[in-house]
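*Asks:* Once you've had a glance at the structure underneath, I'll fire off some questions.
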Amino acid sequence: MNNRDKRVLVGMSGGIDSSATCIMLQEQGYEVVGVTMRTWDVPSRFSTPGQDEPDDVLEARALAERLGIEHHVADVRKEFKQIIVKHFIDEYMQGRTPNPCVLCNPLFKERILCEWADQTNCAHISTGHYCRLEERKGKLYIVAGDDQTKDQSYFLWKLPQEILQRFLFPLGTYTKQEVREYLRQKGFEAKARGGESMEICFIEGDYRNFLRSQCPDIDTQVGPGWFVNSKGVKIGQHKGFPYYTIGQRKGLEIALGHPAYVLRINAEKNTVMLGDAEELKAEYMLVEDYHITEMQDLLQCKDLSVRIRYRSKPIPCQVLVLDEKQLLVRFLSEASAIAPGQSAVFYEGKRVLGGAFIASQRGIRKIAADNQDKF
């Protein structure tokens with residue numbers, strides 16, 4: 001093992017998980033190099049007047065100094081806004097429900113980690129994700145972490161093999177509580193007591209307020225529209241389609257005498273379709289832009305399931321290839337609130353076989369009827 005093979009670049013957020021990752025890798029004999037990505041500025045609790053560095057940079061640097069490791073800061077704010085934040089806004093403006101972490105991890109953060117790893121002569125990269133890697137027939141697969149409440153395999157389905165080959169995931173066999181206890185044992189009591197990070201790093205609070213802050217003319221550009229029922233009949237006014245998501249029940253501000261849910265969003269007509277819980281259910285789902293490690297494994301899997309949003313339970317399913325861009329998914333148990341823009345991630349047990357983005361479900365009944373005998 002040459003010097004490069006012993007070097008690992010860790011994405012350091014200054015939080016619990018990346019801190020534990022650095023310490024564990026050091027104990028395993030690796031020469032750890034840290035990099036903190038400055039993606040989006042949030043109000044700092046620690047910086048002094050005249051110093052504009054955010055908390056994650058300050059905390060990561062302090063940890064690096066204590067561990068005696070090399071530390072860098074990658075200022076990627078401009079690129080992050082142009083790629084990740086723009087995509088987030090664009091998706092909502094098309095009536096879709098994005099998950100920015102799915103795009104950010106493979107197409108942004110891990111790419112930057114690889115670039116910095118090359119610059120710092122590191123063979124490996126690592127993060128504090130709660131997941132593992134497993135090799136099968138010469139291919140690497142993401143495997144869900146042992147802590148089901150913190151498992152982050154859902155976000156990583158788009159990672160290509162060339163990046164997976166460089167990855168180390170030391171937290172995959174730990175629970176969050178075990179990681180906290182590990183830090184205490186190593187003398188990092190304050191770090192062990194740290195809080196959880198925000199689910200979307202660039203949004204504090206309601207995403208609707210964020211949309212307004214980034215698109216000041218959104219309310220005049222879009223304006224109020226109509227709530228309609230499943231027959232297309234207007235039943236009330238809404239504030240504008242970007243402010244609603246599939247499956248939403250709270251905050252609709254409409255009295256129908258019964259619980260109502262968002263069934264569909266039509267950005268072109270600025271309409272939001274409402275219905276009951278039964279109408280929200282689906283037997284089939286159309287997905288697009290898929291990335292599958294081995295298609296035959298997916299099609300022949302006898303224990304295939306799909307997660308249609310983060311933290312949702314896996315749903316048993318079957319998959320049919322429609323063309324090079326689209327798959328048709330048949331659910332084998334109840335599924336509801338199919339939200340275009342979200343990720344559909346396929347599992348065999350805890351192993352990720354691949355994923356895709358949930359497409360518009362317009363015409364799904366005809367597509368399903370034309371193909372139901374092909375499963």
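Each residue, glycine too, has its Cβ placed from N, Cα and C.
So Swiss-Prot has the following annotated:
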type     : residues                                                              : note
BINDING  : Gly11, Met12, Ser13, Gly14, Gly15, Ile16, Asp17, Ser18, Met37, Gly128 : ATP binding site
ACT_SITE : Cys104                                                                : active site, nucleophile
DISULFID : Cys104-Cys201                                                         : disulfide bond
SITE     : His129                                                                : site 'Interaction with tRNA'
ACT_SITE : Cys201                                                                : active site, cysteine persulfide intermediate
SITE     : Gln342                                                                : site 'Interaction with tRNA'
*Asks:* Any idea of the Cα spread of the ATP site, Gly11, Met12, Ser13, Gly14, Gly15, Ile16, Asp17, Ser18, Met37, Gly128, as a max distance in Å?
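*Replies:* The span, Cα to Cα at its widest, is 16 Å.
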*Asks:* If you count other CB atoms within 10 A of each CB, which of Met37, Cys201 wins among these recorded positions?
*Replies:* Met37
*Asks:* Of the recorded positions Cys104, His129, Cys201, Gln342, which one has its Cα closest to the Cα of Asp17 (ATP binding site)?
*Replies:* His129
*Asks:* Look at the binding-site residues Gly11, Gly15 and tell me which residue has the greatest number of other C-beta atoms within 10 angstroms of its C-beta.
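*Replies:* When each Cβ's neighbours within 10 Å are tallied, Gly11 tops the list.
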*Asks:* Based on DSSP, name the secondary structure state of Gly11 (ATP binding site): helix, strand or coil.
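*Replies:* Going by the DSSP assignment, Gly11 (ATP binding site) falls within a strand, counted as strand.
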*Asks:* How big is the Cα-to-Cα gap, in Å, between Cys104 (active site, nucleophile) and Gly11 (ATP binding site)?
*Replies:* 13
*Asks:* Within 10 Å of its Cβ, which one of these recorded positions (Ser13, Gln342) has the largest number of other Cβ atoms?
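*Replies:* For the recorded positions Ser13, Gln342, the Cβ with the most other Cβ atoms within 10 Å is Gln342.
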*Asks:* Helix, strand or coil by DSSP: which one applies to Met37 (ATP binding site)?
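*Replies:* Looking at the DSSP assignment, Met37 (ATP binding site) belongs to a strand.
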*Asks:* How many neighbouring Cβ atoms, not counting its own, are there within 10 Å of the Cβ of Cys104 (active site, nucleophile)?
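*Replies:* A 10 Å sphere around the Cβ of Cys104 (active site, nucleophile) contains 23 other Cβ atoms.
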*Asks:* Write out the long-range same-chain contacts of His129 (site 'Interaction with tRNA'), meaning residues 6 or more apart in sequence whose Cβ is under 8 Å from its Cβ.
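*Replies:* Those within reach of His129 (site 'Interaction with tRNA'), by Cβ under 8 Å and sequence separation of 6 or more, are Asp17, Gly145, Gln152, Phe155, Leu156, Phe169, Leu171, Gly172.
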*Asks:* Would you mind pulling the DSSP three-state label for Cys104 (active site, nucleophile)?
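*Replies:* Going by the DSSP assignment, Cys104 (active site, nucleophile) falls within a helical segment, counted as helix.
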*Asks:* For Asp17 (ATP binding site), what is the tally of other C-beta atoms lying within 10 angstroms of its C-beta?
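*Replies:* Its Cβ shell of radius 10 Å holds 22 other Cβ atoms.
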*Asks:* Quick check: in three-state DSSP terms, what is Asp17 (ATP binding site)?
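*Replies:* Assignment for Asp17 (ATP binding site) reads helix.
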